[in-house]
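S.K.: Straight from TrEMBL, here's the annotation block:
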REPEAT    190-224  repeat 'PPR'
REPEAT    225-259  repeat 'PPR'
REPEAT    292-326  repeat 'PPR'
REPEAT    362-396  repeat 'PPR'
REPEAT    473-507  repeat 'PPR'
REPEAT    508-542  repeat 'PPR'
REPEAT    543-577  repeat 'PPR'
REPEAT    578-612  repeat 'PPR'
REPEAT    700-734  repeat 'PPR'
REPEAT    770-804  repeat 'PPR'
REPEAT    805-839  repeat 'PPR'
REPEAT    910-944  repeat 'PPR'
Amino acid sequence: MTIKLLFKYALPTRFLGHPFKISSRFICSDNNLDKLVDPQLRFPENNEYFPQQENKLKESSFSVQDLGFLQDSILGSSKTEPKTGKFPDNDAFLVINAIKNSNDGFGETTDKSLRQFRQKLNPVLVVDVLRNIHNLELGVKFFKWVGRQIGYVHNVSVYDALLDAIGCGVNNGLPEHFVHDIGKDDKEVLGKLLNVLIRKCCKNGLWYLALEELERLKDFGYKPSGVTYNALVQVFLQVNRLETASLIYKEMSELNFKMDKLTINSFTRLLCKVGKWREALDLIDKEEFVPDTVIYTNMISGLCEGSFFEEAMNFLNLMRTISCIPNRVTYQVFLCALLNRRKLGRVKRVLNLMISEGCYPGQKIFNSLVHAYCRSGDYLYAYKLLKKMDGCGCQPGYVVYNILIGGICGNEELPSKDVLELAENVYGEMLTAGLVLNKVNVVNFARCLCACGKYEDAFSVIKEMMSKGFVPDASTYSKVIGFLCNASKVDKAFLLFQEMKRNGVVPDVYTYTILIDSFCKSGLIQQACNWFNEMIEKGCTPNVVTYTAIIHAYLKQRKISDANELFESMLMQGCIPNVVTFTALIDGYCKAGHTEKACQIYARMKGSLDTPEVDLYFKVELDDGNKEPSVVTYGAMVDGLCKAHKVKEARNILDVMLAEGCEPNHIVYDALIDGFCKVGKLDDAQEIFAKMSECGYSPSVYTYSSLIDRLFKDKRLDLAVRVLSKMLESSCPPNVVIYTEMVDGLCKVGKIDEAYKLMLMMEEKGCHPNVVTYTAMIDGFGKAGKVNKCLELIERMGNKGCAPNYITYSVAIKHCCAAGLLDEALQLLEEMKQISWPKHRASHLKVIEGFRREYLISLGLLEDMSNQNFLPIIPVYRVLIDSYQKAGRLEFAVELLKEISSSSPFPHLDKKIYSSLIECLSVSNKIDLAFELYADMIKKGAVPELTDFVNLVKVNTSTTALIIHKARFLFYDT
């Protein structure tokens with residue numbers, strides 16, 4: 001096939017006039033390995049295919065002397081000023097001046113002016129003239145004139161400079177008039193020029209233009225050189241036109257030209273890439289080329305690029321059989337290709353083989369390997385690679401440690417316990433090495449630690465990194481504070497916030513808002529308000545989320561006037577409420593017990609009610625997006641109505657949602673199921689349960705908890721067990737709340753042994769009983785008359801790190817008293833006073849969390865708490881006093897009464913306690929003690945009953961006069 005035909009079939013019309021730029025290709029693409037791959041692993045770039053280009057670069061490389069002009073310029077020297085006033089003082093510019101000053105179009109005057117430079121003529125000088133003459137006609141004439149001078153011969157760099165001056169080889173070929181002009185002067189020079197032009201086109205990726213010039217070269221009767229053929233083969237290989245390259249090679253071989261090493265490397269590589277590795281080996285034999293490590297490495301790279309990994313492995317074995325040992329580059333090429341294709345199983349084989357032969361990867365390859373295995377989730381092997389670096393003489397650095405910890409902690413899904421422990425070990429090694437985490441990994445690592453309950457560790461990560469010179473910015477602080485707040489560790493969040501300010505980092509609105517919101521949710525509204533005032537003083541404008549958090553907190557504490565005042569302030573500041581604000585209002589009013597007000601706000605949002613009672617919240621005209629209820633709004637309404645036992649209205653809300661195309665979420669369904677269960681409508685709860693499943697929502701622990709609780713209350717143990725079985729089948733493990741409900745339910749129906757076995761089992765399953773669980777079990781044992789087991793459980797609680805609270809002690813004391821174990825009861829009271837006596841009302845409210853209201857009422861622990869200083873501990877003393885009284889140990893009973901009366905106002909003390917004791921003391925002839933109690937009642941402002949006085953005088957006659965005498969003085973005193 002002739003070159004003309006080749007040109008005809010190889011030149012698609014869409015490429016005519018459009019140069020196809022070829023860029024260098026690397027073995028490892030950085031978009032896959034995030035620029036972690038060793039940059040030394042690459043094929044030769046385009047200029048390496050052309051030896052003449054290499055010579056040109058050597059000739060034009062910089063030296064220290066060449067930088068002299070820069071030094072002179074900086075020092076203000078005038079040495080670079082040209083003598084002519086136009087050009088620097090060197091031969092090239094002198095020649096240019098001579099040509100231009102002759103002004104005869106390269107006639108005799110010019111010839112005479114240039115004679116002085118004949119002995120200085122050399123390719124470097126000629127190239128300088130051609131590049132700086134800036135006159136194409138004069139440049140071409142100078143080129144021809146130089147070529148006629150005796151002793152001078154053009155080289156490749158001169159031809160290249162002429163073509164650059166003409167503008168050839170970039171977008172177009174050599175103009176026809178230049179061809180004829182140069183050809184008339186010297187045909188040999190024209191042939192060489194066309195050869196260089198073809199190679200230049202190839203270098204620039206203009207394969208179609210190269211073919212055009214090749215045809216013109218042959219039309220003029222010239223032969224392409226071997227270098228030209230090599231360049232042509234190269235350019236077609238670069239654009240993956242293997243068939244065209246093969247045809248050119250065939251013609252080249254017929255003219256007895258051989259491929260150079262670079263061309264053979266490229267040819268064999270492309271053959272391997274398309275799976276023709278046998279033809280590649282045949283080509284090496286035909287060219288009588290002795291294969292070496294470089295060519296085999298390139299062939300392995302081609303096979304890998306074509307996904308022929310098994311053949312690539314065979315080539316590794318072939319290299320050893322012919323004593324051509326794979327080197328580090330060979331293995332790294334193979335490894336990078338496998339990494340790019342995610343062939344991590346093969347990577348292990350190649351890596352082990354590489355290291356066994358004493359050929360170790362570089363640090364960047366190790367980084368890439370660790371990165372790849374982290375991305376695949378094989379963190380343990382990634383860690384093994386990190387440890388292997390030391391043995392390979394490659395010290396693990398900052399990058400690889402961050403890659404591993406970032407790989408473990410940087411995913412949206414939290415790591416498992418074992419994997420997080422691995423990250424902690426790596427972090428410890430990192431600290432030992434004196435290295436630090438980067439900003440992103442500090443945040444991600446702290447997030448994972450917080451999620452696993454390791455708040456102290458998360459806090460220390462920030463502190464440790466700061467000691468290493470890492471200064472977190474506001475964003476980093478805010479995110480970690482957010483993690484701590486979400487985990488209800490507001491104390492740690494507060495300390496970190498203080499640390500933030502001490503380090504001069506200015507909190508932003510996000511930082512303040514997350515703290516304010518978290519403290520509001522914890523009931524610490526005063527501190528939240530302090531921060532709110534502080535952020536305003538600091539010029540940090542609160543946003544709608546900030547205002548909403550405090551308004552919501554005020555409403556939950558029934559501080560409605562404060563909430564309304566803040567809402568008006570928000571409007572005055574130009575902060576427009578949104579659907580989240582209105583949802584918070586609805587939820588807040590529901591939790592404050594004002595369900596009717598919440599319904600009015602909801603109705604106003606829906607536009608179905610126009611009542612002046614909620615005008616305050618709708619003063620500003622809002623767009624539909626800000627007042628249209630969301631699924632969260634509906635959820636707040638449903639939850640509030642259910643908690644108010646208005647389950648029918650809550651069910652209507654669900655129907656409205658479905659009618660308006662607002663799909664309920666699992667929170668809405670859970671609230672409804674819980675509401676129906678609370679009012680005993682189990683059939684309705686089951687109906688909602690079925691609807692929830694039909695909509696694709698899996699029941700949550702909360703859902704099952706509501707059902708199991710109702711079933712135990714209804715004494716439907718069989719159904720409770722079936723629900724529990726379904727829960728386990730759904731891979732929804734019970735939590736401590738459900739276990740506690742079951743323990744409590746079993747105790748209530750008298751199945752104490754089963755309840756205790758269940759509590760032991762929950763520990764075995766890794767779900768540790770809490771104080772509510774233990775209290776339920778203690779109460780169960782007590783009601784079954786097994787008081788010794790109650791005392792054993794209290795001791796067991798201490799050993800397990802679960803401190804009994806005053807409710808636990810109250811239950812145990814009650815049962816000890818009932819069993820006549822008064823000394824044990826008194827000892828429990830002393831323990832309670834030392835370790836779990838609620839000192840403040842807020843701490844009391846925290847203690848009763850988790851206990852059912854009905855249960856606390858049955859214990860007498862929910863008396864009137866309108867007095868902020870009162871704590872419901874009197875029922876405990878009442879039980880003890882009554883028990884000691886019945887046992888005839890009246891002195892102990894009196895001491896207990898004096899103790900409690902000194903710490904509580906009398907209106908909250910039961911007068912019956914006094915009356916009963918006075919009666920017993922009188923009967924026992926302990927008149928002085930009885931009279932002291934009688935006097936104490938009067939001093940505390942109480943009006944004794946007539947029966948109290950009667951009890952005092954119901955004694956023998958000898959003491960009656962004394963009693964009347966004492967009473968007379970007492971009445972006079974009061």
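Don't overthink the numbers, they just go from 1 along the chain as shown.
Backbone N, Cα and C atoms are what each Cβ position is placed from, and that goes for glycine too.
Unlike curated entries, TrEMBL annotations are predicted automatically.
Just so it is clear, the model here is predicted, and its values are computed rather than measured.
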S.K.: Who are the long-range neighbours of the repeat 'PPR' (543-577) in its own chain, taking Cβ under 8 Å and residues 6 or more past its ends?
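M.R.: Hits for the repeat 'PPR' (543-577): 509, 512-513, 516-517, 520-521, 523, 525, 528-529, 532, 535, 584-585, 587-589, 591-594, 616-617, 619-620, 622, 626.
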S.K.: Can you break down the repeat 'PPR' (543-577) into helix, strand and coil residue counts using DSSP?
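M.R.: With helix first, then strand, then coil, the repeat 'PPR' (543-577) has 26 helix, 0 strand, 9 coil.
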S.K.: Give the nonlocal contacts of the repeat 'PPR' (292-326) in its own chain as ranges (CB under 8 Å, at least six residues past its ends).
M.R.: 27, 43, 261, 264-266, 268-275, 277, 280, 284, 333-334, 337-338, 341, 343, 346, 349-350, 353, 357, 359
S.K.: Run through the repeat 'PPR' (770-804) and tell me, per DSSP, how many residues are helix, strand and coil.
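M.R.: Result for the repeat 'PPR' (770-804), in helix, strand, coil order: 26 helix, 0 strand, 9 coil.
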S.K.: How does the model score the repeat 'PPR' (508-542) in terms of mean pLDDT?
M.R.: 89
S.K.: Kindly report the helix/strand/coil residue split of the repeat 'PPR' (700-734) according to DSSP, in that order.
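M.R.: For the repeat 'PPR' (700-734), the helix, strand and coil counts are 26 helix, 0 strand, 9 coil.
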